[in-house]
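Scroll down for the structure; my scribbles are underneath it.
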Amino acid sequence: MSPVFPMLTVLTMFYYICLRRRARTATRGEMMNTHRAIESNSQTSPLNAEVVQYAKEVVDFSSHYGSENSMSYTMWNLAGVPNVFPSSGDFTQTAVFRTYGTWWDQCPSASLPFKRTPPNFQSQDYVELTFEQQVYPTAVHVLETYHPGAVIRILACSANPYSPNPPAEVRWEILWSERPTKVNASQARQFKPCIKQINFPTNLIRLEVNSSLLEYYTELDAVVLHGVKDKPVLSLKTSLIDMNDIEDDAYAEKDGCGMDSLNKKFSSAVLGEGPNNGYFDKLPYELIQLILNHLTLPDLCRLAQTCKLLSQHCCDPLQYIHLNLQPYWAKLDDTSLEFLQSRCTLVQWLNLSWTGNRGFISVAGFSRFLKVCGSELVRLELSCSHFLNETCLEVISEMCPNLQALNLSSCDKLPPQAFNHIAKLCSLKRLVLYRTKVEQTALLSILNFCSELQHLSLGSCVMIEDYDVIASMIGAKCKKLRTLDLWRCKNITENGIAELASGCPLLEELDLGWCPTLQSSTGCFTRLAHQLPNLQKLFLTANRSVCDTDIDELACNCTRLQQLDILGTRMVSPASLRKLLESCKDLSLLDVSFCSQIDNRAVLELNASFPKVFIKKSFTQ
């Protein structure tokens with residue numbers, strides 16, 4: 001028998017072992033409930049009284065439903081005592097993230113997911129909160145007032161944001177984590193997970209959320225940190241903990257929270273001379289590469305230490321064409337980038353979102369990495385990467401000539417002048433500037449030179465003075481535009497809409513939510529319906545003037561419509577909605593929350609007639 005066949009069996013067994021271990025760690029949230037419950041029974045002396053405190057300040061977050069110049073529906077509402085709890089319902093005084101469900105993943109603007117994302121990393125958004133006193137946490141309570149169940153991970157940081165001296169080391173520890181689970185009730189609840197004990201005091205807590213299973217926007221009211229000033233001593237009950245639980249939990253946390261000692265793994269991958277590679281070298285190179293494509297980045301690091309042949313495969317730049325480093329944000333630093341550098345010379349998709357904050361990545365370290373690895377980059381994700389400055393964007397513009405997609409979402413610390421460098425990226429097809437400080441002059445320059453743009457997000461860009469001028473430039477230069485996000489743009493009028501509608505006939509998605517200066521009486525919405533027949537998603541959220549005439553025009557002209565949000569209008573009747581639903585056979589999402597003519601009875605009747613459509617109607621208790 002050929003030696004290749006037993007070798008295939010061996011390799012298959014190895015692959016099975018890897019998958020089995022990953023499957024075990026994927027259920028760690030279920031396995032560790034008992035473990036963490038025991039840990040929470042820490043013995044404290046009577047003198048070590050528990051401190052209970054609400055969040056003092058919200059210091060960072062990835063998105064929110066509200067405006068940058070308001071308190072309604074913003075993350076800043078998480079600071080302080082509860083505003084709403086124990087009441088349930090949709091209240092402006094709560095913290096709300098920008099998305100829910102899978103609707104945004106089904107839109108034309110949705111990006112393809114990265115390969116090799118660890119199965120235990122499913123966070124979509126986050127918020128970081130500080131507290132007055134550093135304590136050893138004994139409990140973290142989250143007051144959820146509407147559609148609970150989004151929080152999937154709670155972390156603590158060793159750094160004290162209020163200390164005048166920067167710490168020598170910054171550590172993040174997972175206090176609790178779980179896979180997304182569906183909570184059937186929409187009522188308020190006090191979420192009290194059993195948290196793990198950590199060996200440092202903290203006053204910086206991070207919540208990570210996944211809203212994919214939610215029926216509507218989750219609303220958070222407050223976060224309560226319980227803790228003690230002195231380090232507690234575990235009781236003897238902890239001897240009941242299963243050692244297998246500890247091993248699996250440690251493995252999962254390294255994969256889920258960061259590439260723990262990634263540089264050590266790479267540096268130790270220099271192997272001595274072994275007797276041979278068994279029969280591995282009898283297999284086709286491409287077959288081994290294909291199998292290794294299923295491993296996560298930490299798995300590759302471990303496998304590289306087994307033999308020289310597999311080390312060669314694990315370090316092959318072809319394994320790093322798509323590189324997602326976001327799951328390892330808590331550990332990724334300059335040293336990690338340095339060791340990855342030689343392996344990433346062919347990288348095309350790179351995700352550094354959430355990474356590098358609090359000094360983990362320096363401007364020099366990022367620049368060195370891109371100078372070696374930027375030439376083939378096509379897609380670069382940098383959402384919430386607060387280490388970025390003007391020099392970084394200049395390096396991107398110089399080192400990434402083939403870049404087609406750039407995401408700077410919530411990089412709100414970037415200075416306005418930094419955005420001028422984006423205009424040099426003439427091949428851009430996707431640009432996300434949500435919650436940035438881009439100014440009008442820089443944006444006009446970008447639009448002038450980046451005429452290949454197909455997807456553009458300008459949501460909550462508060463530094464832009466005149467959105468009509470921007471809309472006019474978009475209509476004149478961006479003829480290939482397919483999706484446009486103008487969420488909460490403060491001053492676009494019917495003139496800007498006219499320029500958009502005439503200049504961008506390929507538009508499939510348009511978000512005009514919370515744009516108060518648009519009035520239906522000017523005919524702007526009927527113009528959109530006439531000139532943009534390819535529309536699949538249209539958000540007119542909180543526009544009080546949307547009326548039956550607008551809905552009728554959409555029904556007649558935009559039959560491909562899949563998502564429509566008309567929250568807050570007083571002038572749309574059930575009859576016009578029925579006509580819309582009869583004409584738009586692909587409609588799957590219709591938000592009629594706070595539409596005064598659409599009561600619960602009307603929603604029930606429409607649901608009965610069109611059961612495939614998710615009709616959303618929020619409420620306030």
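Any Cβ shown, glycine's included, is placed from N, Cα and C.
As annotated by Swiss-Prot, domain 'F-box' applies to 277-332. Summarising the annotation, Swiss-Prot assigns asymmetric dimethylarginine to R28 and lists similarity to another entry as the type of evidence. Residues or ranges marked as repeat 'LRR 1' in Swiss-Prot: 376-397. Under the heading repeat 'LRR 2', Swiss-Prot lists 402-421. Taken from Swiss-Prot, the feature repeat 'LRR 3' covers 427-448. What Swiss-Prot lists as repeat 'LRR 4' is 452-474. Among the features that Swiss-Prot reports, repeat 'LRR 5' is placed at 480-501. Among the features that Swiss-Prot reports, repeat 'LRR 6' is placed at 504-524. As annotated by Swiss-Prot, repeat 'LRR 7' applies to 532-558. If you look up Swiss-Prot, you'll see 559-583 marked as repeat 'LRR 8'. The feature repeat 'LRR 9' is assigned by Swiss-Prot to 584-609.
Taking H, G and I as helix, E and B as strand and the rest as coil, DSSP gives the repeat 'LRR 5' (480-501) the counts 8 helix, 3 strand, 11 coil.
When the stretches 402-421, 427-448, 452-474, 559-583, 584-609 are ranked by Cβ pairs under 8 Å to the repeat 'LRR 5' (480-501), first place goes to 452-474.
Distant neighbours of the repeat 'LRR 4' (452-474): 67-69, 108-109, 409, 416, 426-440, 443-444, 480-493, 495-497, 499-500, 503-504, 511; these residues of the same chain sit at least 6 beyond its ends, with a Cβ under 8 Å from one of its Cβ atoms. Away from its own ends, the repeat 'LRR 9' (584-609) comes close to residues 90, 103, 106, 536, 541, 554-555, 558-574, 577-578, 615-619 of its chain (Cβ-Cβ under 8 Å, at least six residues beyond either end). Confidence in the domain 'F-box' (277-332), given as mean pLDDT, stands at 91. Counting residues of the repeat 'LRR 1' (376-397) by DSSP class, helix then strand then coil, yields 8 helix, 3 strand, 11 coil. Per-class residue totals from DSSP over the repeat 'LRR 3' (427-448), listed helix then strand then coil: 9 helix, 3 strand, 10 coil.
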